[in-house]
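**Q** Quick one: structure below, then a few questions.
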Amino acid sequence: MVNKVLVVVSLGVGFIVWRYWCQCSQPLKPPTLDLNEWWGPEHLKTTQDESIKPFKINFKPDMIKDLKDRLSRARKWTPPLEGVGFEYGFNSQYLEKVLQYWKDNYKFEAREQFLNKYPHFTTFIQGLNIHFIRVKPEVTQGVEVIPLLLLHGWPGSVREFYEIIPMLTEKRPDRNFVFEVVVPSLPGYGFSDGAVRPGLATPHIGVIMRNLMHRLGHKKFYVQGGDWGSITVSNMATLFPQEILGHHTNCPFVQQKSVMLKTLVGSIFPSLVVEQKYADRMYPLSKFYSFMIEESGYLHIQATKPDTVGVALTDSPAGLAAYILEKFSTWTVPEHKRLPDGGLTKKYTLDQLIDNLMIYWTSSSITTSMRLYSEDFSSKRRAMELDDVDIEAITSSACMASDGPAAGVLAPSLICSDAFILLHLQQYYNIFMGAVPAKHFDCVKLSPEWRRDNSIQVSAARYLDEMPVFGQLCLCENLHSLQLQPSRDVCSAYLSSVARRPGDGGDFLELIL
Amino acid sequence: MAHKTLFYIVLCVGLFRTDAIFFSDLSFAEIIKIYAQYYNEATVSDAELSETRNIADVVQQNDNLYKNLTCLIENFLKRYVPSSMPTLAQNKWWGEGPPYVDTSIRPYEIRFNRQVIDELRARLAYRKNFTRNLEGSANTYGMNRNLLNQVLDYWLNRYDFETRERYLNRFPQYITNVQGLDIHYIHIVPPPGSKKVIPLLMIHGWPVTNREYYAVYDFLLEPKNTNFVFEIIAPSIPGYGYSQPTYKIGLAPYQVGIIFKNLMARLGHQKFYIHAGDVGLWVGSHMSTIYQEDVLGLHTTTPYSAMPQTFVKIALGALNPTSLVDSRYVNRLYPLTMTLINLIESSGFFHMHATRPDTLGVGLEDSPSGLAAWLLAIYIQAANPNALKRDDGNLLQAYNIDDILDVLTIYWDSHCITTSLRFYAEFTAVLQDPTNIKLELTPTQVPYGALKFRYEVLYQPDSLLKNKYPNLVHSTTLDFGGHFSSFEYPDVIANSIYQAVEKMQNFYRTKAG
């Protein structure tokens, strides 16, 4: 009987694997999306407004007064359990200090001025007012200006990029190009309108962003994203391979079915999947999954009932602060959850953190921002099978490790998604900079035009990788970028380090070009 | 390890339902037809059946397979049943400061703090304008704004705090200190008479307090044609309502069970019956396992067994659902994929509570609207998940609004939302704890009564419940009602408790005789 069962079980597993593999190996074409799908109210459908309006962030006195009232009215918070830091969530003793600072020390006027230091605009696309920052560098002749779209994630905002914008828009001595950066708020985030009906997921955001770039006169451009921004730019690279010149992310991961399968295979034979020195970022899977379960409560509720949790966060600035800032603690360094202050100010200033909160609070956008989880996890979105379409645009990714000794028990598992790069690379056809499996790199097919473009692409994308650490100054990072988070000592762009190794793929690529 | 692996393999086989494909030479269409018969309640006509060759054979074959496999696994798992009960400290100190003994019993009346109530109303009056729901989304993305505003307006303008206070004080209440915590409980002693007095401990769930059973008490106290009457003891779980919370880590359900056992002993009841539901059943079930001599019977509205063989049988049951479940109720458990999807969609709140209660708690402590949304969404879902598609969520039809607002007011007045959420975190924290596992895996001989309402979260047939509770003496399956049946159908619960206790007494008589 036992033998019979074993035969049954192995046949069963074999069958499932076989069916799965068949599904994986079918080449997929990206779906066609309606490039003019209307997300705003029906009655605005006749509006033909393509103007680009200047915009200023405005902290109205009424709003500040109301906010301070709400911050002052707090009852005494429930004390944390004895000896507990952030393990049960945001520590209420430390919360009091943050709220105190927000109420008494945060300089609303000065911060408003700071937030307005870059030119902001809005424009009406597909029924929604889309807010964005656009910084166009002044250049001398011979210096090329390369358009770059920067997309933030949850619970971030355009504020993520304030420190990076100057690094990208000022010419460096060793480069003959600079970036023109376009930094939009995702629909439903900050000062961009949210959709009025269900369905606006990351592929649709990709369409809106592409239309935005077109309106600004950029038919071809580079993209960079983290968190939701990363998923969005990945979808853009899938949907518009002719328009996306290069795709850079600080949050690289793929969800193709074959990747899942390989990940499982790797749990038995890690060396088949991941380099030994990174194996502990990915395996054991059990550690990774238990970490994911512990960290993903917010995701679960946002993907199922965003409007429910949104009520408290819309009504209570304290609730909003606890909910958002908790992520800035555990996703920066997971071990920080053992600290009574969550290690928040180890990496950020309270001003930086509260700037980001203010963008959510003034625009009352927390609920609409959380709905993106529901939309992107919906069966309709999954049925598009975008994850299973191979990306033809050039992809580059920067991955950073979390702090050294802090890694401890949780870090290796949480960093796991880093290791997906290797899998990721195999799935992307035209990856530059090493690690490209030769069978996928079919240079014979490259047209001369592609080569010309590509030389800029390579420099531009390499420039991004060489940035001191792209994610480093990002104010906000998410689940997948925990590992991408700041640490000057340890963080290094994994891919560029691979490319810099002598004799590795980087040279190979340069030879071709 | 082996037992875990086997479990997962069987689960996979069951889930993918590849079974039938291996064991027959039926075409795929034929197999689909068989499943359609089980799952969709679609009756396949006799003519169709005769067309489909050997369907009956396959059913028979699958049924045999199911029986053989479950028998095999049950024998296998028997080796893993813990032989001895863990020894548990019966007097662990949960209070602050050094332990002391105070056995006094103090009468208690609920008096809403006027200042707190005034502030509550001010917060309700100055609540924010919440985010508009997506078109046509009703309650599917979470709490519907219009419905929420309707309830909040009622709470602000029409809910009569003084009348309700009187209502809440209808039953005699007391507070006594057990293991360092002041426990609030309702204690109803029947008037002296000729009938036998039976002590009944009633344990409430989340998000309620001992307020949950007010209507049930009334029905239990009504004279019945029985030879016994109930003496009701209904405590609030520590951290719920007016029972003091602990600030120490580790007050898991079985620890609460010890506290309640001590409470019963203080009231002079060595042996007693228990009725429990929802999170109260975690406590009740452990009490019946630890104190098998003293707990005379356990009655519940949320019956489930979490024994390993239960899960294995559920998975194997996919081979032939009617082997396991009466055909009338098959669709409450199968197809498993649907059950799991529904469970995932409705369990976001659980995930948040279990992982980051303190973060979520801040917003709910600060915003009565947020608290209301969080609780009301649960009430809507629990009464009938199909009602989520309706704007009104069937909320005000299914419940008496005052019942719900009593609970909300108690939660607000006692400031207990965060501590109530922490109970989930403690429940989850001990899932890996050997003591807890031992308790979970040990069947109890205490007689068991199950009342199964139509929309209860989990449905399990009696055969599965018997894995944990072999002496199941009472079971009723209903075609109406949801998870908060104590608000919806208090009379049904009271009747079921009477019936169950009668049967349990017969059980003891038979055993003795």
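Glycine is no exception: its Cβ is also placed from the backbone N, Cα and C atoms.
Relevant sequence annotations retrieved from TrEMBL are reproduced here:
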- B:1-20: signal peptide (SIGNAL)
- B:105-212: domain 'Epoxide hydrolase N-terminal' (DOMAIN)
- B:Asp278: active site, nucleophile (ACT_SITE)
- B:Tyr424: active site, proton donor (ACT_SITE)
- B:His483: active site, proton acceptor (ACT_SITE)
**Q** What does the DSSP secondary structure composition of the domain 'Epoxide hydrolase N-terminal' (B:105-212) look like, as residue counts for helix, strand and coil?
**A** 37 helix, 26 strand, 45 coil
**Q** Provide the number of Cβ atoms within 10 Å of the Cβ of the residue listed as 'active site, nucleophile', excluding the reference atom itself.
**A** 21
**Q** Calculate the distance in Å between the alpha carbons (Cα) of B:Tyr424 (active site, proton donor) and B:His483 (active site, proton acceptor), and round it to a whole number.
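**A** Counting only the Cα atoms, the answer is 17 Å.
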**Q** For the active-site residues B:Tyr424, B:His483, which one has its C-beta crowded by the most other C-beta atoms within 10 angstroms?
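**A** Output for this query is B:His483.
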**Q** Please report the distance from the Cα of the residue listed as 'active site, nucleophile' to the Cα of B:His483 (active site, proton acceptor), rounded to the nearest angstrom.
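**A** Cα-Cα distance, the residue listed as 'active site, nucleophile' to B:His483 (active site, proton acceptor): 8 Å.
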**Q** For the residue listed as 'active site, nucleophile', just give me the three-state DSSP call.
**A** coil
